[in-house]
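Asker: Before we start, here is the structure in question, set down as structure tokens.
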Amino acid sequence: MSAKDVKFGGDARDRMLRGVDILANAVKVTLGPKGRNVLIEKSFGAPRITKDGVTVAKEIELDDKFENMGAQMLREVASKTNDLAGDGTTTATVLAQAIVREGAKSVAAGMNPMDLRRGIEIAVQAVVKDIQKRARPVASSAEIAQVGTISANGDAPIGKMIAQAMQKVGNEGVITVEENKSLETEVDIVEGMKFDRGYLSPYFVTNAEKMTVELDDVYILLHEKKVSGLQSMLPVLEAVVQSGKPLLIIAEDVEGEALATLVVNRLRGGLKVSAVKAPGFGDRRKAMLEDIAILTGGQLISEEIGIKLESVTLKMLGRAKKVVIDKENTTIVGGAGKKPDIEARVQQIKAQIEETSSDYDREKLQERLAKLAGGVAVIRVGGATEVEVKEKKDRVEDALNATRAAVQEGIVPGGGVALLRAKKAVGRIHNDNADVQAGINIVLKALEAPIRQIAENAGVEGSIVVGKILENKSETFGFDAQTEDYVDMLAKGIVDPAKVVRTALQDASSVAALLVTTEAMVAELPKEAAPAMPGGGGMGGMGGMGGMGF
């Protein structure tokens, strides 16, 4: 085990705080409508330009190990917020930095870190309740477009496209973002289905960067039971190899010899293949397999109806234009099923929904209906250069995540106003323990950080903006950084999803409170480079050359 370098107390916190500041300062320049871009060097290919907080955070690695630990903890805030809400990563980073800074000052002044943490948690709970109380549901397509526009950095066409896509496939529908070959950004609605089963082996992956399996113009084998032996599969595998098309196997499970053979074939390039477990359980699994069979124009291979795996022909397999599989989900796009068959199945499910008395069954039937009838919307992002397309794609993905979050938990006034107004709820909390109260006050001050940063990125003094907003009694009064005017945020369409604001604060406070309570840091000592081999000593006996008159 290699030797470790250990830092304690103030020294540890100072180094950690430096790392937090370096990462947060790089991320927070992107906040708000007048936030700037960050240019990131890539080891190969053109540099990447982005305004997405989590993308910037993930690229930062520092030389000093103690500073790097602080930066990595803050990176965790951005990643967690991105995973849960899909947007709000920069806001979360700004909040975390503000809480860590104030917390470090309080600890240096001799306050108890554990009491500070308790105070931070009490205040955050009050803010979350306040945000949930203020949130109002998204009522119209226009409001969905507003949320998308704000998250896409004021790009109204993107907001409209997302609203259009959601209208077509429903709020629960599947929307994916792809790069377009042309200059235009457009929405394409494709019939399709998504279910929550990922690939059975990572060896099936075709796109190593995204860790996904992508199969085009694919055959789909649907089997009701487990597939474990190879012999029964050979006839259909040989037929698929001759056709030159990829194959997706959906079965109760694929294991043992069958899975091993498929993996070996995939690695040797003989057969482009992937396998996933069938979605659902019991009777519901069978019903979902039948749904997929109808959608893809295939036949469910089931011994109940007298079809064995050995006798399967290509005609019995389903077809789809594209299948995308990641670790957790499978999306089938452009199934070759006949329209009348799909329509008949939809009507059948609708009839079952009306007949059932169980809420759980009704919910599951509605899920199946959405998958069959909803389809998949694809937003194809275009641009003049690859760099521009990637930057725009980041913004579209953020906007899409924000609109989904808005549909789930409603919207609040944007531009940091919801957090600023929540100060009133925190101000009402009083605790007899002075250190717990100091923790509450840390959050009280941190709630101003996002709006200050938005104002400062727009070239306006943050304190003046905060003062003006707090003077006004209207709950929706705020600062429009785009026009540098004070407006009614809801009337102007400057809104944030309540889920994004809530998640940003919860993740920021959770990690920041842990950093504040840190008393020691341990890192590996850098290894000393091995000494170089000594140089050649010259040939012995050559020392008497001095008299040669050189």
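Glycine is treated like the rest: Cβ placed from N, Cα and C.
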Asker: From ASP188, ASP196, ASP326, ASP496, grab the residue that Swiss-Prot records in the same ATP site as THR30, LEU31, GLY32, PRO33, LYS51, ASP87, GLY88, THR89, THR90, THR91, GLY415.
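Answerer: The one candidate that Swiss-Prot places in that ATP site: ASP496.
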Asker: Across all chains shown, how many C-beta atoms besides its own are within 10 angstroms of the C-beta of THR30 (ATP binding site)?
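Answerer: Other Cβ atoms found within 10 Å: 22.
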Asker: Restricting to the record's ATP-binding residues (THR30, LEU31, GLY32, PRO33, LYS51, ASP87, GLY88, THR89, THR90, THR91, GLY415, ASP496), give me the longest CA-CA distance in Å as a whole number.
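Answerer: Across THR30, LEU31, GLY32, PRO33, LYS51, ASP87, GLY88, THR89, THR90, THR91, GLY415, ASP496, the widest Cα separation comes out at 17 Å.
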Asker: Using other CB atoms within 10 angstroms as the count, which residue among the binding-site residues GLY32, LYS51, GLY88, THR90, GLY415 scores least?
Answerer: LYS51
